Amino acid sequence: MSQTGLAWLVCYVVLAALTFRRSVYGFPLYLMTFYAPPQLWWWGQGVLMSIGDRWALAAGVIFAGGVFFDHRQRAVPLPPIARRMFTLLGVYVLNATMVHFLFALDPADSYEQLMRIYKFSVLAVLLALSIRSKEDLRLCFMALVMGGLYIGYEVYFNEAGRMRQGRLEGIPLGSASDSNFLSSVLSVSLLYAGFMVLFGPGKKLRVVGLVAAALLLEVIQQSLSRGTMLAVIAAVGVMLLGMRRAERKPMLIGLAGALLAAGLVMGPEDRQQMADRFHSIFVEEDERDVSSESRLQLWSRASKFLASHPQGVGGEAVFKHSSTWDYISDLNLPQGKAIHNGYLDTACSWGVQGLLLLLLTLWACYSQIGTYCRRAREFEDREAAFAGLCVKAHLVLMMGAAMFISSLKGEWFFWWLGLAVGLHQWVPVQGELADEEEEIEEYVDHIEPTYAPL
């Protein structure tokens, strides 16, 4: 076993033990199997490789056990949005199950996708239940940053992956090894790296956040995903619009620092390549490249397929099962081509009703974040307000990226559901303010005047 493999195993065991003391440690434990699955990295040998995907299964079981035995008191009672999320997510899972057993064109592949929905839904519930304080939420943010930092380290210093047609491919990142998926997931880590830079507890952690941001920008740049570029811009715009004028200054300073650090990491050719890729988004129809044109054609054919099969045909079937090839037979595209649109992909797989259920679940959680951000400002808790904006931008980023890749089925959406519910454990509720006011009034009533009445 290599030294890196041994270090990974030690971290895994330590986090597993900590999960039974504080269940939220189950989330970074699980993320270890996503960002650094030992069976897919160069340092995974012997026992690490032989266990394979069961590392993730074991992490999930340990996480569930930690939540079950965690008797810590919550900062606030479990909010109504948590029960609403659990209910909507359960209905979404039930719909996917019915579509699979009634309409699946390829039962084997559809069953695999259905099992992923089960797994990710359970993970979302466990994460929501495990976050019981603002310290827990900070730990989740930090885990996402450290996972992205590891990928950035491997790419920049160990030259992990390979360049294919000018884009970074072959990074063994759980279910997101494709360059488009990779840049989308790492952009989420980039958001929380910004949170660490501004609100990290201590200078060392802020420096770590800045280094992580620079390396993450380098990896995202090498991935050259136009969808992610637009999604990041939209996410930053949402954060800036959600801030007060005085709050924008530190974020702009942090953003400028990250861009400067990334500029030092990138070479001039990399910067030019990234600029050219971004400019290609806005070219006229006759100047589009093959990738853009084929994507628009696939969206059109997927829409036609959906009109004929609105109930859904199970996972991984559209343009991959032989009965659907006729829809793209005249496009000179390889069989098994992905739709490259998360919304159409989900609707074609689990039906229009499945897409609406998933979007409703996401919206139910998203709609509450603005209220809690305003409440955080009432308490003058800028860190809590910024945490809410990060979680808000997290979803905007992923939804934007899902317009160009079939990522709406990705587990990072289910992570977000857990974080969105856990955010409510950070911001104090109005009842606590009323209690504080009553205590102040009682204190004032007991104060005896030290002056003679006039």
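For all residues, glycine too, the Cβ spot is worked out from N, Cα and C.
TrEMBL: automatically predicted annotations, no manual curation.
Residues 1-2, 4-5, 8-9, 12, 16, 19-20, 22-23, 25-27, 29-30, 32-34, 119, 122-123, 126, 129-130 of the same chain, all 6+ positions outside the transmembrane segment (42-69), place their C-beta atoms under 8 angstroms from a C-beta of that stretch. Per TrEMBL, transmembrane segment is recorded for 42-69 (among others).
A Cβ distance under 8 Å defines the sequence-distant neighbours of the transmembrane segment (81-103), meaning residues of its chain 6+ beyond its ends; these are 110-111, 114, 117-118, 121, 124-125, 128, 309, 311-315, 349-351, 353-354, 357-358, 360-361, 364-365, 368, 417, 420-421, 424. Annotation source TrEMBL lists transmembrane segment at 81-103 (among others).
Outside the transmembrane segment (115-132) by six or more residues, the chain places 23-24, 26-27, 30, 60, 63-64, 66-67, 70, 72-75, 78, 82, 85-86, 89-90, 92-93, 96, 140, 175, 409, 411, 413-415, 417-419, 421-422, 425 with a CB less than 8 A from a CB of the stretch. What TrEMBL lists as transmembrane segment is 115-132 (among others).
Within the same chain, residues 24-25, 27-28, 31-32, 34-36, 41, 127, 131, 168, 171, 173, 182, 185-186, 188-190, 192-193, 195-196, 205, 208-209, 211-212, 214-216, 218-219, 222, 265, 387, 390, 415, 419, 422 sit at least 6 positions outside the transmembrane segment (139-157) and bring their C-beta atoms closer than 8 Å to a C-beta of that stretch. Annotation source TrEMBL lists transmembrane segment at 139-157 (among others).
TrEMBL lists 181-198 (among others) with the feature transmembrane segment.
Annotated transmembrane segment per TrEMBL: 205-221 (among others), in sequence order.
Among the features that TrEMBL reports, domain 'O-antigen ligase-related' is placed at 213-359.
What TrEMBL records for 227-243 (among others) is transmembrane segment.
Residues annotated as transmembrane segment in TrEMBL: 250-267 (among others).
Summarising the annotation, TrEMBL assigns transmembrane segment to 350-372 (among others). Outside the transmembrane segment (350-372) by six or more residues, the chain places 79, 81, 84-85, 88-89, 91-92, 95-96, 99, 242, 306, 310-312, 314-315, 343, 384, 388, 391-392, 395, 399, 408, 413, 416-417, 420-421, 423-424, 427 with a CB less than 8 A from a CB of the stretch.
Per TrEMBL, transmembrane segment is recorded for 384-406 (among others).
Below 8 angstroms of C-beta separation, residues 141-142, 144-145, 147-149, 151-152, 168, 171, 173, 175, 205-206, 208-210, 212-213, 216-217, 219-220, 223-225, 227-228, 231-232, 235, 250-251, 254-255, 257-258, 386-387, 390, 393-394, 397-398, 401, 405, 407, 410, 412 of the same chain, each at least six residues beyond the ends of the transmembrane segment (181-198), sit close to that stretch. In the predicted model, residues of the domain 'O-antigen ligase-related' (213-359) average a pLDDT of 79.
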